[in-house]
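Comments concern the structure below.
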């Protein structure tokens, strides 16, 4: 696990100077504190940067940027290829292996690219990665990301040159960086709580999409001229899997998942440095920790975070699971005061507005784990793959009970328009400042919120609207538009798929990459801690996508098949309880110790300085929240994070 960066620019660009490349590397030193190096070919206009966190092959043979033995390729790569030993043997048996210089996965990756090409090599991998590859023969820069975007990769757009980096903070070192904000991206952040790829908060930066290779040459430095090749397509994989549905018994499903997941865990335990696991005591993390311990000859290091508030504390459950498994368990407790103090650090950790409140405990437990290990496995992605979220199981019933499911779209739109026209429009025409306690603008927003679901075209579109922070969040950002995830309509057209399958797939390609994986990567890599996700092994993913609902909900329970696997390792009495998650009392903080800062962020002066949010609506939300409307808490928190983060990162 590392940090990567680089420049592709015309000859003579100051961004190609060694000092400029070194500055990019220094900005992401936290991702790779063990070593750093740069390589450049000034005549070709290319410079690569690497910050190393040594995990596999700690010797100098693993140092990057790395050249292929033939001299054609130079790579700067962040990630791990878990099946690199299998690929190495495959190359050797086919007579395609070079004379190995060490035993790093980077060397195997380069050899595979030389033998099979980049796309074919990536298809053979099980791993997580962000790759920058320079082809000296073709003079082409290739940028690639893993299947689900576990490892980040951003591109900075600076006219006739580009920069790329693991984190936006490295792009900000470019002399042409302006920090101009993308208003539509901020509207999306207020809608979802995060900014979906390919957007970032800034007009000069984009994210490379998961599962893609982007080829750039000297004549194609603008996004419109990049050659984009998807090497992995989750939707197409789902189509293939569902044409080949799992048809075995429940017992066979449990056996197969146990075998596949154990294989994934075993591969992800390969490391030349100490490793452990996050353990909350819940189903997903307990399953991973249990398999790790069953595969280890010594106690596995496990880490949990507890809260002094009993309503949100899960430390006792993690302790009980660890005791049963025999791990070496480590726990830390987080007070509200400590977590609140972390709030001010988050803008520098995430670089752009990111409002998932569990970023705070994730950051804290990662910092704690790094005191003992360099790698930690997690139970992420099980909810999306095996239908673990409680919200999935009321979708169909709720959809069938709505007006949307029973009347045509035109009729729905007419109904909504009539409601708005009949109440709000007259007040606006008369110039009334209030209708009861609400301004016309506030009342319009409230009505649009209430009526939004009526215009959904499908159950999964209704789901996408229902589980946003606010469907009408674009009203808070003048000049932006309402934008939904395009996959919602695509998935809704798939025949023979249940609403549960549609909704969980939407989360797999939308919520997981842009929220969950971003949260964990930035929180952990801020402390140079590598995190690994066994549930995202491609064999496990394909198996999950092929499962009918009856297996995913085995025994009438969410993640039923995963629970049956876990029951083989840990008795249900230790883990069978309602899901809690990391509960953070952000609403209480905003009314208490964070209130002076929030008042400053929501002041007319600050709203005007950034020029992003509608001052009247911000004040409406803030006043409603202070008056006791807890429905506004998450949106107020999101507005607070937007203002706080962008006030830090704009000139």
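Numbers run from 1 along the shown chain.
Heads up, the Cβ atoms here are built off N, Cα and C, so glycines get one too.
Just so you know, TrEMBL annotations are computer predictions that nobody has curated.
These come from TrEMBL:
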ACT_SITE  2  active site, for GATase activity
BINDING   105  L-glutamine binding site
BINDING   378, 379  ATP binding site
SITE      380  site 'Important for beta-aspartyl-AMP intermediate formation'
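Cα spacing between residue 378 (ATP binding site) and the residue listed as 'L-glutamine binding site': 21 Å, rounded to the nearest whole number. Ranked by Cα separation from residue 2 (active site, for GATase activity), the recorded positions 105, 379, 380 are led by 105. Cβ neighbour count for residue 378 (ATP binding site) (all protein chains, 10 Å cutoff from its Cβ): 23. Taking the Cβ of residue 379 (ATP binding site) as reference, residues of its chain lying under 8 Å away and at least six apart in sequence are, in sequence order, 278, 280, 282, 283, 284, 285, 286, 287, 288, 535. On a Cα basis, residue 380 (site 'Important for beta-aspartyl-AMP intermediate formation') lies 24 Å away from the residue listed as 'L-glutamine binding site'. Listed in sequence order, 284, 512, 516, 517, 520, 533, 535, 536 are the same-chain residues at least 6 apart in sequence whose CB falls under 8 Å from the CB of residue 380 (site 'Important for beta-aspartyl-AMP intermediate formation').
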